[in-house]
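Structure, as structure tokens:
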Amino acid sequence: MATQSPPLLNRGSRKNYFFEPFGRDDMVDGSSAFTLLDTVETYLDSHVDLLQRRLQHHSDRLRSKAEEVLKMRDFSSAGDNVVGNLERDVKAFKLKVSSRMTKLASSWQSAKVVRTREKISFFFGVMSLLFSALIFGLAPQWVHIAYTIQALYLLPLRVYFYKKRAWHYFLFDLCYYVNILNFIYIWLLPQSPTLFVACYCLSHGSLASAVITWRNSLVFHDQDKVTSLFIHIYPPFSFTVIRHYYPDAEERFPALRELQHLNPLRALLLSGGIYLIWQMLYWKFVFVDRREKIESGQRTSSISWLLNSKSSVIGKTLSKISPEGRIPSYMLGQLVYSIVTELPAVFILYDSPFWSGAFLISIFAVSVWNGGGFYIEVFGRKFERELEALRKELAESAQASSLSESSPTIHTLPDDGTTSLQSHQSSSQELLTSLLVEAPSTTTFEDKS
């Protein structure tokens with residue numbers, strides 16, 4: 001029968017049923033209050049003892065292994081030196097292979113994996129070519145508009161990236177000067193015969209021929225190459241359309257009413273005069289005001305790039321001239337080059353739609369050929385050379401490992417040392433074999449591209 005709870009726990013007339021199992025007699029006997037603590041202590045003591053025995057067991061194992069290693073070193077000191085050297089060689093070889101793999105993977109990521117920007121460039125390059133062909137066949141009166149829209153997209157990007165790379169002195173070259181003159185004529189002064197003659201001759205002369213001399217390439221995924229091709233081939237394309245294929249061109253471009261045929265001498269003098277204006281401005285701004293920056297290498301211009309180019313015929317020719325005469329010779333050569341390249345436009349292209357079309361197709365074919373060379377030669381051979389160099393290193397390392405395995409020093413060791421050394425050599429040989437097997441599979445992206 002339950003007893004009444006103590007007054008301290010009751011605090012009222014009602015009973016506290018929570019404490020009813022613990023009567024006064026139970027509370028007086030304190031020995032029963034430590035039953036739970038005794039249980040916990042017993043549990044912990046047993047597990048602590050088990051843990052101590054396990055630690056002791058592991059300690060004994062480690063001590064015995066250490067004694068075996070020390071004993072092995074005492075019996076096979078010479079073999080250990082060979083093993084140590086072999087392990088260091090394997091470690092160095094593994095590090096070298098790892099660095100080469102990392103470098104190859106980095107090259108793959110930077111040059112092979114088409115990033116989002118390159119995909120966008122590829123998309124707009126292909127679509128621009130398609131729309132240009134469609135517009136030319138369906139609505140040639142939109143060609144000069146397409147020329148302007150694409151320039152508004154590509155030229156600001158060219159300015160931004162060239163400024164970022166400290167190449168912005170290239171932006172003062174003749175091609176950008178002529179493109180600006182083209183837009184001034186198309187949108188501001190379409191009634192000026194003088195400006196039309198200069199734009200037509202310079203576009204079909206220096207700009208079109210620059211596709212050949214500067215090796216412009218039709219590489220769709222490279223925005224820089226697409227922009228370079230655009231600023232050289234779209235001006236002659238636009239002015240060929242205006243001259244031969246634009247419906248009622250005299251209404252949109254009144255200057256054509258006075259230019260049914262070109263006077264060759266007058267055309268060359270007008271275009272030459274416009275060219276000389278640019279040449280004087282370029283000489284003052286680049287060769288005089290910025291001469292120190294160019295000579296110090298802080299900035300790069302066309303002439304400094306040509307002089308440093310090993311494959312450029314112009315650069316090789318200029319390098320044979322004294323430094324004082326290079327700039328005058330370069331300017332004179334540009335003037336002669338500009339006049340010579342304008343001769344087909346003045347005497348043939350202006351009066352012949354057929355030869356104008358053939359001229360544009362030939363210039364475009366050169367850019368396509370250069371683009372194919374880039375994709376096949378430059379884009380693929382670089383990784384082929386990397387792969388061949390890596391395979392050569394792997395073969396040399398495997399040969400060195402096989403020679404070290406047959407060394408007579410190993411067979412003079414005691415049994416324990418020989419067994420240990422052979423195990424080290426077999427593991428090293430397995431490592432080299434696995435690397436030789438896995439390396440080609442890691443770089444097979446080059447073969448698939």
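Placement of Cβ uses the backbone N, Cα and C atoms for every residue, glycine included.
Straight from TrEMBL, the features:
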| type | residues | note |
| --- | --- | --- |
| TRANSMEM | 120-139 | transmembrane segment |
| TRANSMEM | 145-162 | transmembrane segment |
| TRANSMEM | 169-188 | transmembrane segment |
| TRANSMEM | 194-214 | transmembrane segment |
| TRANSMEM | 226-245 | transmembrane segment |
| TRANSMEM | 265-283 | transmembrane segment |
| TRANSMEM | 330-350 | transmembrane segment |
| TRANSMEM | 356-376 | transmembrane segment |
| REGION | 400-429 | region 'Disordered' |
| COMPBIAS | 418-429 | compositional bias 'Low complexity' |
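Remark: the transmembrane segment (356-376) contacts the transmembrane segment (194-214), by the rule of 3 or more CB pairs under 8 A. Of the candidate ranges 145-162, 169-188, 194-214, 226-245, 265-283, 194-214 contributes the most Cβ pairs within a distance under 8 Å of the transmembrane segment (330-350). Cβ atoms under 8 Å from those of the transmembrane segment (120-139) belong to residues 114, 146, 150, 153, 218, 220-223, 226, 230, 237, 241, 245 of the same chain, restricted to positions at least 6 beyond its ends. Looking at which of 145-162, 194-214, 226-245, 265-283 has the most CB pairs under 8 Å to the transmembrane segment (169-188), the answer is the stretch 194-214.
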